[in-house]
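S.K.: Just lifted these from Swiss-Prot, have a look:
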type: BINDING; residues: Ser9, Phe10, His17, Gly88, Leu89, Arg90, Glu98, Thr122, Ser123, Phe124, Ile125, Ser126, Ser127, Ser128; note: ATP binding site
type: BINDING; residues: Ser9, Lys41, Thr73, Arg87; note: substrate binding site
type: SITE; residues: His17; note: site 'Transition state stabilizer'
Amino acid sequence: MRKAIFPGSFDPLTLGHSDIIKRSIPLFDEIIIAIGVNAEKKYMFSLEDRKRFIKETFKDEPSVSVISYEGLTIDLCKKLGADFILRGLRNPADFEFEKAIAHTNRRLSKIETIFLLTAASTSFISSSIVRDVIRNGGDYSVLVPEAVRVK
């Protein structure tokens, strides 16, 4: 069985995240959206809200599930029997950052990282940009799935 972990904070889930997940469904038997929890980090949306956004967005996709975790992603992969880490790439800076992590993960384990390029229509979207638009009272509805719009 081809099982992938898609890790992130998803604060909040964006159309970019959603696009990567949708496009990965035919590639894997199971996709686990893994929300990383870091006690040192301040989040705009609660963990429960972030889980709800993802569950609602993918409610009709039985191969997609959501969990939260702490610690190393490769440890989570080993625990859940996942052989792949799924990552989206928006730009060259993402690639350089993700490449270093992928090489480290590969050195520490046998887990492969699979990169998908974001669609041109969503390549400019990041959770940071969405949070900034929200903080400044802007219309963020064109940047996020429907489930996030009705917070």
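Cβ atoms here come from the backbone N, Cα and C positions, even for glycine.
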S.K.: Given the binding-site residues Ser9, His17, Glu98, Ser123, tell me which ones have a C-alpha lying within 10 Å of the C-alpha of Arg87 (substrate binding site).
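M.R.: Neighbours among binding-site residues, in sequence order: His17, Glu98.
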S.K.: Who sits close to His17 (ATP binding site): which same-chain residues at least 6 apart have their Cβ under 8 Å from its Cβ?
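M.R.: Counting only residues 6 or more apart in sequence, the Cβ neighbours of His17 (ATP binding site) under 8 Å are Phe6, Gly8, Phe10, Gly88, Ser127.
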S.K.: Between Glu98 (ATP binding site) and Thr73 (substrate binding site), find the distance joining the two CA atoms and give it rounded to the nearest Å.
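M.R.: Cα-Cα, rounded: 13 Å.
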S.K.: I'd like the Cβ neighbour count for Lys41 (substrate binding site), meaning other Cβ atoms within 10 Å of its Cβ, all protein chains included.
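M.R.: Step by step: centre on the Cβ of Lys41 (substrate binding site), count other Cβ atoms within 10 Å, giving 9.
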S.K.: Give me the CA-CA distance between Ser9 (ATP binding site) and Lys41 (substrate binding site), in Å, as a whole number.
M.R.: 10
S.K.: Would you find the one among the binding-site residues Leu89, Ile125 whose Cβ has the most company, meaning other Cβ atoms within 10 Å?
M.R.: Ile125
S.K.: According to DSSP, which kind of secondary structure is Leu89 (ATP binding site) found in, if we only use helix, strand and coil?
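M.R.: The three-state answer is strand.
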S.K.: Cα-Cα, whole number of Å: Lys41 (substrate binding site) versus Ile125 (ATP binding site)?
M.R.: 21
S.K.: Please determine which of the binding-site residues listed here (Thr73, Ser123) has the lowest count of neighbouring CB atoms within 10 Å.
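M.R.: Sparsest of the binding-site residues Thr73, Ser123 by Cβ contacts within 10 Å: Ser123.
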